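Colleague: Sharing the features that Swiss-Prot gives for it:
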type	residues	note
TRANSMEM	29-46	transmembrane segment
BINDING	His118	chlorophyll a ChlzD1 binding site
TRANSMEM	118-133	transmembrane segment
BINDING	Tyr126	pheophytin a binding site
TRANSMEM	142-156	transmembrane segment
SITE	Tyr161	site 'Tyrosine radical intermediate'
BINDING	Asp170, Glu189, His332, Glu333, Asp342, Ala344	[CaMn4O5] cluster binding site
SITE	His190	site 'Stabilizes free radical intermediate'
TRANSMEM	197-218	transmembrane segment
BINDING	His198	chlorophyll a PD1 binding site
BINDING	His215, Ser264, Phe265	quinone binding site
BINDING	His215, His272	Fe cation binding site
TRANSMEM	274-288	transmembrane segment
Amino acid sequence: MTTTLQQRESASLWEQFCQWITSTNNRLYIGWFGVIMIPTLLTATTCFIIAFIAAPPVDIDGIREPVAGSLLYGNNIISGAVVPSSNAIGLHFYPIWEAASLDEWLYNGGPYQLVIFHFLLGVFCYLGRQWELSFRLGMRPWICVAYSAPVSAATAVFLIYPIGQGSFSDGMPLGISGTFNFMFVFQAEHNILMHPFHMLGVAGVFGGSLFSAMHGSLVTSSLVRETTEIESQNYGYKFGQEEETYNIVAAHGYFGRLIFQYASFNNSRSLHFFLGAWPVIGIWFTAMGVSTMAFNLNGFNFNQSILDSQGRVIGTWADVLNRAGIGMEVMHERNAHNFPLDLASGEQAPVALIAPAING
(Lines of atoms letter the chains of each structure in order from A and count residues from 1; the text may use other names and numbers.)
(Lines give C-alpha, C1' and ligand atoms only; values in the text may rest on other atoms or scores of the structure.)
Protein backbone atom coordinates (compact mmCIF):
# COMPACT_ATOMS: atom_id res chain seq x y z
CA MET A 1 0.00 0.00 0.00
CA THR A 2 2.87 2.35 0.79
CA THR A 3 4.50 1.66 -2.57
CA THR A 4 1.28 2.52 -4.41
CA LEU A 5 0.98 5.84 -2.60
CA GLN A 6 4.58 6.75 -3.45
CA GLN A 7 4.01 6.01 -7.14
CA ARG A 8 0.89 8.16 -7.19
CA GLU A 9 2.73 10.97 -5.43
CA SER A 10 5.62 10.88 -7.92
CA ALA A 11 3.23 10.78 -10.85
CA SER A 12 1.39 13.73 -9.39
CA LEU A 13 4.64 15.69 -9.05
CA TRP A 14 5.51 14.93 -12.68
CA GLU A 15 2.06 16.01 -13.82
CA GLN A 16 2.39 19.22 -11.83
CA PHE A 17 5.77 19.85 -13.44
CA CYS A 18 4.33 19.24 -16.92
CA GLN A 19 1.43 21.59 -16.26
CA TRP A 20 3.77 24.27 -14.93
CA ILE A 21 6.13 23.94 -17.90
CA THR A 22 3.32 24.19 -20.46
CA SER A 23 1.13 26.71 -18.64
CA THR A 24 0.36 29.92 -20.51
CA ASN A 25 -0.57 31.65 -17.25
CA ASN A 26 3.04 32.01 -16.11
CA ARG A 27 4.65 35.44 -16.29
CA LEU A 28 7.21 33.94 -18.70
CA TYR A 29 6.25 30.91 -20.76
CA ILE A 30 8.82 28.12 -20.41
CA GLY A 31 7.64 25.25 -22.61
CA TRP A 32 9.48 22.07 -23.42
CA PHE A 33 11.83 23.92 -25.74
CA GLY A 34 12.56 26.30 -22.87
CA VAL A 35 13.83 23.40 -20.77
CA ILE A 36 16.77 23.20 -23.19
CA MET A 37 16.88 26.88 -24.14
CA ILE A 38 17.36 28.31 -20.65
CA PRO A 39 20.46 26.31 -19.59
CA THR A 40 22.12 26.54 -23.02
CA LEU A 41 21.70 30.32 -23.34
CA LEU A 42 22.79 30.84 -19.73
CA THR A 43 25.89 28.72 -20.38
CA ALA A 44 26.71 30.59 -23.60
CA THR A 45 26.20 33.99 -21.97
CA THR A 46 28.27 33.14 -18.89
CA CYS A 47 31.17 31.73 -20.90
CA PHE A 48 31.07 34.68 -23.31
CA ILE A 49 31.26 37.25 -20.52
CA ILE A 50 34.12 35.46 -18.75
CA ALA A 51 36.06 34.91 -21.99
CA PHE A 52 35.49 38.49 -23.17
CA ILE A 53 36.89 39.80 -19.91
CA ALA A 54 39.68 37.40 -19.02
CA ALA A 55 40.47 34.79 -21.72
CA PRO A 56 44.19 34.45 -22.55
CA PRO A 57 45.43 34.91 -26.16
CA VAL A 58 44.38 32.26 -28.69
CA ASP A 59 46.57 30.73 -31.41
CA ILE A 60 43.86 31.29 -34.03
CA ASP A 61 46.03 30.58 -37.10
CA GLY A 62 47.78 27.58 -35.58
CA ILE A 63 51.23 29.10 -36.15
CA ARG A 64 52.13 29.89 -32.54
CA GLU A 65 51.21 33.56 -32.87
CA PRO A 66 48.42 34.03 -30.30
CA VAL A 67 45.86 36.80 -30.74
CA ALA A 68 44.57 38.52 -27.59
CA GLY A 69 40.88 39.34 -27.49
CA SER A 70 39.94 39.92 -23.84
CA LEU A 71 39.73 43.13 -21.85
CA LEU A 72 42.40 42.11 -19.34
CA TYR A 73 44.89 41.65 -22.18
CA GLY A 74 44.71 45.25 -23.39
CA ASN A 75 41.50 45.41 -25.43
CA ASN A 76 38.48 47.66 -24.98
CA ILE A 77 34.79 47.14 -25.71
CA ILE A 78 35.28 47.94 -29.40
CA SER A 79 38.41 45.87 -30.07
CA GLY A 80 37.67 42.98 -27.70
CA ALA A 81 36.29 39.63 -28.86
CA VAL A 82 36.07 35.95 -28.08
CA VAL A 83 38.68 34.69 -30.55
CA PRO A 84 37.70 31.63 -32.67
CA SER A 85 39.29 28.28 -31.95
CA SER A 86 42.68 27.46 -33.45
CA ASN A 87 43.24 26.37 -37.03
CA ALA A 88 45.19 23.48 -35.52
CA ILE A 89 41.87 22.17 -34.13
CA GLY A 90 40.10 22.53 -37.47
CA LEU A 91 36.58 21.13 -37.38
CA HIS A 92 37.24 18.78 -34.48
CA PHE A 93 34.80 18.96 -31.59
CA TYR A 94 36.89 20.45 -28.79
CA PRO A 95 35.26 20.28 -25.35
CA ILE A 96 37.27 20.80 -22.18
CA TRP A 97 37.83 17.09 -21.61
CA GLU A 98 39.51 16.71 -25.01
CA ALA A 99 42.39 18.99 -23.97
CA ALA A 100 45.34 17.88 -21.87
CA SER A 101 44.86 20.84 -19.55
CA LEU A 102 42.71 23.92 -19.08
CA ASP A 103 45.59 26.11 -20.29
CA GLU A 104 45.79 24.14 -23.54
CA TRP A 105 42.02 24.41 -24.00
CA LEU A 106 42.16 28.17 -23.55
CA TYR A 107 45.22 28.54 -25.80
CA ASN A 108 43.43 26.69 -28.62
CA GLY A 109 40.26 28.78 -28.29
CA GLY A 110 37.98 26.22 -26.66
CA PRO A 111 35.62 28.87 -25.22
CA TYR A 112 34.59 29.90 -28.75
CA GLN A 113 33.19 26.45 -29.54
CA LEU A 114 31.49 26.27 -26.16
CA VAL A 115 29.78 29.62 -26.74
CA ILE A 116 28.63 29.11 -30.33
CA PHE A 117 27.34 25.55 -29.86
CA HIS A 118 25.32 26.46 -26.78
CA PHE A 119 24.18 29.71 -28.42
CA LEU A 120 22.98 28.01 -31.60
CA LEU A 121 21.17 25.29 -29.67
CA GLY A 122 19.61 28.00 -27.51
CA VAL A 123 18.30 30.09 -30.41
CA PHE A 124 17.00 26.96 -32.15
CA CYS A 125 15.04 26.17 -29.00
CA TYR A 126 13.88 29.79 -28.75
CA LEU A 127 12.44 29.40 -32.25
CA GLY A 128 10.72 26.18 -31.20
CA ARG A 129 9.43 27.89 -28.06
CA GLN A 130 7.84 30.61 -30.19
CA TRP A 131 6.00 27.95 -32.18
CA GLU A 132 5.02 26.10 -28.99
CA LEU A 133 3.52 29.18 -27.34
CA SER A 134 1.70 30.15 -30.55
CA PHE A 135 0.26 26.64 -30.74
CA ARG A 136 -0.98 26.69 -27.15
CA LEU A 137 -2.57 30.13 -27.60
CA GLY A 138 -4.27 29.10 -30.85
CA MET A 139 -2.21 31.53 -32.93
CA ARG A 140 -0.78 31.05 -36.39
CA PRO A 141 2.89 29.98 -36.55
CA TRP A 142 4.30 32.91 -38.55
CA ILE A 143 6.22 34.47 -35.64
CA CYS A 144 8.69 31.60 -35.53
CA VAL A 145 8.90 31.62 -39.33
CA ALA A 146 9.98 35.27 -39.22
CA TYR A 147 12.48 34.51 -36.45
CA SER A 148 14.00 31.81 -38.64
CA ALA A 149 15.66 34.57 -40.70
CA PRO A 150 18.16 35.73 -38.02
CA VAL A 151 18.54 32.13 -36.86
CA SER A 152 19.55 31.05 -40.36
CA ALA A 153 21.97 33.99 -40.62
CA ALA A 154 23.63 33.09 -37.31
CA THR A 155 23.84 29.44 -38.35
CA ALA A 156 25.47 30.45 -41.63
CA VAL A 157 28.30 32.51 -40.09
CA PHE A 158 28.91 30.37 -37.00
CA LEU A 159 28.43 26.84 -38.34
CA ILE A 160 27.96 26.47 -42.11
CA TYR A 161 30.81 28.79 -43.11
CA PRO A 162 33.43 27.16 -40.84
CA ILE A 163 32.35 23.73 -42.09
CA GLY A 164 32.73 24.82 -45.71
CA GLN A 165 36.14 26.39 -45.05
CA GLY A 166 37.39 23.43 -43.03
CA SER A 167 38.06 25.10 -39.68
CA PHE A 168 36.24 26.90 -36.91
CA SER A 169 39.06 29.45 -36.98
CA ASP A 170 37.24 30.90 -40.02
CA GLY A 171 34.09 31.52 -37.98
CA MET A 172 33.02 35.03 -37.04
CA PRO A 173 34.76 36.34 -33.89
CA LEU A 174 32.42 37.29 -31.07
CA GLY A 175 33.08 41.03 -30.89
CA ILE A 176 32.58 44.33 -32.69
CA SER A 177 35.96 44.65 -34.40
CA GLY A 178 36.03 40.89 -34.91
CA THR A 179 32.78 41.13 -36.85
CA PHE A 180 34.26 43.85 -39.07
CA ASN A 181 37.39 41.77 -39.61
CA PHE A 182 35.19 38.82 -40.62
CA MET A 183 33.37 41.02 -43.14
CA PHE A 184 36.58 42.33 -44.68
CA VAL A 185 38.09 38.86 -45.01
CA PHE A 186 34.83 37.50 -46.40
CA GLN A 187 34.83 40.20 -49.09
CA ALA A 188 38.48 39.56 -49.91
CA GLU A 189 38.06 35.81 -50.27
CA HIS A 190 34.54 35.54 -51.71
CA ASN A 191 33.65 38.92 -53.27
CA ILE A 192 30.36 38.96 -51.38
CA LEU A 193 29.50 42.50 -52.52
CA MET A 194 29.13 41.16 -56.07
CA HIS A 195 26.90 38.24 -55.03
CA PRO A 196 23.19 38.66 -55.94
CA PHE A 197 22.03 37.00 -52.71
CA HIS A 198 23.89 39.62 -50.68
CA MET A 199 22.28 42.34 -52.78
CA LEU A 200 18.85 40.88 -52.01
CA GLY A 201 19.75 40.80 -48.33
CA VAL A 202 20.74 44.47 -48.37
CA ALA A 203 17.46 45.32 -50.09
CA GLY A 204 15.60 43.29 -47.46
CA VAL A 205 17.26 44.92 -44.45
CA PHE A 206 17.26 48.52 -45.65
CA GLY A 207 13.91 48.17 -47.38
CA GLY A 208 12.42 46.64 -44.24
CA SER A 209 13.73 49.56 -42.17
CA LEU A 210 12.23 52.05 -44.62
CA PHE A 211 8.84 50.28 -44.74
CA SER A 212 8.76 49.95 -40.95
CA ALA A 213 9.43 53.67 -40.49
CA MET A 214 6.83 54.57 -43.12
CA HIS A 215 4.21 52.29 -41.58
CA GLY A 216 4.82 53.50 -38.03
CA SER A 217 4.67 57.15 -39.02
CA LEU A 218 1.48 56.67 -41.05
CA VAL A 219 -0.27 54.81 -38.24
CA THR A 220 0.84 57.37 -35.65
CA SER A 221 -0.37 60.18 -37.91
CA SER A 222 -3.81 58.62 -38.43
CA LEU A 223 -4.69 57.54 -34.88
CA VAL A 224 -8.34 58.06 -34.02
CA ARG A 225 -8.93 60.42 -31.10
CA GLU A 226 -9.80 58.72 -27.80
CA THR A 227 -13.27 59.47 -26.43
CA THR A 228 -14.71 59.69 -22.93
CA GLU A 229 -17.80 57.96 -21.58
CA ILE A 230 -19.98 61.01 -22.22
CA GLU A 231 -19.03 61.20 -25.90
CA SER A 232 -20.23 59.07 -28.76
CA GLN A 233 -17.85 56.45 -30.13
CA ASN A 234 -18.40 58.04 -33.50
CA TYR A 235 -15.97 60.76 -32.37
CA GLY A 236 -13.15 58.37 -31.64
CA TYR A 237 -12.44 55.06 -29.94
CA LYS A 238 -12.81 53.64 -26.46
CA PHE A 239 -9.79 52.30 -24.59
CA GLY A 240 -9.53 48.54 -24.95
CA GLN A 241 -11.88 48.17 -27.90
CA GLU A 242 -11.27 45.32 -30.34
CA GLU A 243 -11.57 47.44 -33.47
CA GLU A 244 -8.59 49.15 -35.04
CA THR A 245 -7.53 52.35 -33.35
CA TYR A 246 -6.27 54.08 -36.47
CA ASN A 247 -7.87 55.00 -39.76
CA ILE A 248 -6.22 52.88 -42.46
CA VAL A 249 -8.38 54.55 -45.12
CA ALA A 250 -6.92 57.94 -44.21
CA ALA A 251 -3.39 56.55 -44.23
CA HIS A 252 -4.03 54.83 -47.56
CA GLY A 253 -5.41 58.02 -49.07
CA TYR A 254 -2.49 60.09 -47.81
CA PHE A 255 0.17 57.74 -49.13
CA GLY A 256 -1.66 57.21 -52.40
CA ARG A 257 -1.69 60.93 -53.03
CA LEU A 258 1.91 61.32 -51.88
CA ILE A 259 3.28 58.83 -54.44
CA PHE A 260 0.59 57.17 -56.57
CA GLN A 261 -2.60 55.28 -55.87
CA TYR A 262 -1.33 51.71 -56.09
CA ALA A 263 1.80 52.32 -54.00
CA SER A 264 -0.21 51.96 -50.78
CA PHE A 265 -2.19 49.12 -49.21
CA ASN A 266 -5.86 49.40 -48.38
CA ASN A 267 -5.90 45.94 -46.78
CA SER A 268 -4.35 45.61 -43.33
CA ARG A 269 -3.52 41.91 -43.71
CA SER A 270 -1.73 42.39 -47.01
CA LEU A 271 0.17 45.34 -45.58
CA HIS A 272 1.45 43.51 -42.51
CA PHE A 273 2.28 40.38 -44.48
CA PHE A 274 4.40 42.52 -46.78
CA LEU A 275 6.12 44.22 -43.83
CA GLY A 276 6.99 40.83 -42.37
CA ALA A 277 7.89 38.97 -45.55
CA TRP A 278 10.18 41.58 -47.14
CA PRO A 279 13.03 41.62 -44.58
CA VAL A 280 12.64 37.92 -43.74
CA ILE A 281 13.04 36.80 -47.35
CA GLY A 282 15.98 39.19 -47.79
CA ILE A 283 17.80 37.79 -44.75
CA TRP A 284 17.04 34.25 -45.92
CA PHE A 285 18.80 35.04 -49.17
CA THR A 286 21.79 36.47 -47.30
CA ALA A 287 22.07 33.31 -45.22
CA MET A 288 21.88 31.20 -48.39
CA GLY A 289 24.56 33.37 -49.98
CA VAL A 290 26.94 32.93 -47.06
CA SER A 291 26.22 29.20 -47.03
CA THR A 292 27.04 28.84 -50.74
CA MET A 293 30.14 31.02 -50.51
CA ALA A 294 31.25 28.82 -47.62
CA PHE A 295 31.95 26.21 -50.29
CA ASN A 296 33.61 28.84 -52.52
CA LEU A 297 30.72 29.48 -54.89
CA ASN A 298 31.69 33.14 -54.86
CA GLY A 299 30.29 36.42 -56.18
CA PHE A 300 30.53 37.58 -59.76
CA ASN A 301 33.93 38.52 -61.15
CA PHE A 302 33.93 41.46 -63.57
CA ASN A 303 37.62 42.29 -63.14
CA GLN A 304 39.27 43.83 -66.22
CA SER A 305 36.15 43.17 -68.27
CA ILE A 306 36.25 46.41 -70.29
CA LEU A 307 39.05 46.92 -72.83
CA ASP A 308 39.75 49.69 -75.30
CA SER A 309 40.45 49.17 -79.02
CA GLN A 310 44.10 48.39 -78.30
CA GLY A 311 43.36 45.82 -75.62
CA ARG A 312 44.21 48.01 -72.65
CA VAL A 313 42.13 47.68 -69.51
CA ILE A 314 39.67 50.43 -68.69
CA GLY A 315 39.29 50.41 -64.92
CA THR A 316 35.83 50.08 -63.38
CA TRP A 317 34.51 49.98 -59.84
CA ALA A 318 34.75 46.19 -60.06
CA ASP A 319 38.52 46.55 -60.52
CA VAL A 320 38.73 48.95 -57.58
CA LEU A 321 36.82 46.45 -55.45
CA ASN A 322 39.10 43.64 -56.58
CA ARG A 323 42.27 45.55 -55.69
CA ALA A 324 40.87 46.40 -52.28
CA GLY A 325 40.05 42.73 -51.74
CA ILE A 326 43.57 41.67 -52.73
CA GLY A 327 45.03 44.13 -50.25
CA MET A 328 42.79 42.91 -47.45
CA GLU A 329 43.62 39.30 -48.21
CA VAL A 330 47.37 39.93 -48.14
CA MET A 331 47.06 41.65 -44.76
CA HIS A 332 44.90 38.82 -43.47
CA GLU A 333 47.25 35.98 -44.45
CA ARG A 334 50.06 36.61 -41.99
CA ASN A 335 51.45 33.12 -42.54
CA ALA A 336 54.05 33.12 -45.33
CA HIS A 337 53.42 29.54 -46.44
CA ASN A 338 49.69 30.21 -46.71
CA PHE A 339 49.92 32.90 -49.37
CA PRO A 340 46.59 33.71 -51.07
CA LEU A 341 46.11 31.36 -53.99
CA ASP A 342 44.49 33.97 -56.22
CA LEU A 343 47.70 35.98 -55.93
CA ALA A 344 50.16 33.10 -56.15
CA SER A 345 48.53 31.65 -59.29
CA GLY A 346 48.45 34.83 -61.37
CA GLU A 347 50.35 35.49 -64.55
CA GLN A 348 54.11 35.86 -64.31
CA ALA A 349 55.36 39.41 -64.07
CA PRO A 350 58.85 40.41 -65.30
CA VAL A 351 61.25 41.12 -62.47
CA ALA A 352 64.49 43.10 -62.84
CA LEU A 353 67.27 40.93 -61.43
CA ILE A 354 69.96 43.54 -62.08
CA ALA A 355 69.72 47.11 -60.94
CA PRO A 356 69.52 49.46 -63.94
CA ALA A 357 72.50 51.69 -64.62
CA ILE A 358 71.98 55.32 -63.83
CA ASN A 359 73.70 57.69 -66.21
CA GLY A 360 74.51 60.79 -64.23
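Using the three backbone atoms N, Cα and C, a Cβ is placed for every residue, glycine included.
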Colleague: If you measure from the C-alpha of His272 (Fe cation binding site), which of the recorded positions His118, Tyr161, Asp170, Glu189, His190, His215 fall inside 10 Å?
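Modeller: Within 10 Å Cα-Cα: His215.
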Colleague: What else in the chain is close to the transmembrane segment (29-46), if you only count residues 6 or more beyond its ends and a Cβ gap under 8 Å?
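Modeller: Long-range Cβ neighbours of the transmembrane segment (29-46): 20-23, 114-116, 118-119, 121-123, 125-126, 128-129, 132-133, 136.
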Colleague: If you measure Ser264 (quinone binding site) to His190 (site 'Stabilizes free radical intermediate') at Cα, how many Å is it?
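Modeller: About 38 Å separate the Cα atoms of these two residues.
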Colleague: Tally Cβ pairs under 8 Å between the transmembrane segment (142-156) and each listed stretch (118-133, 197-218, 274-288), then give the stretch with the top tally.
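Modeller: Between the stretches 118-133, 197-218, 274-288, 274-288 has the largest tally.
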Colleague: Just checking a number: largest C-alpha distance across His215, Ser264, Phe265 for the quinone site, rounded to a whole Å.
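Modeller: Maximum Cα-Cα distance: 10 Å.
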Colleague: Return only the integer: C-alpha distance in Å from His190 (site 'Stabilizes free radical intermediate') to His198 (chlorophyll a PD1 binding site).
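Modeller: A Cα-Cα distance of 11 Å.
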Colleague: Whole-number Å only: compute the distance from the Cα of Phe265 (quinone binding site) to the Cα of Tyr161 (site 'Tyrosine radical intermediate').
Modeller: 39
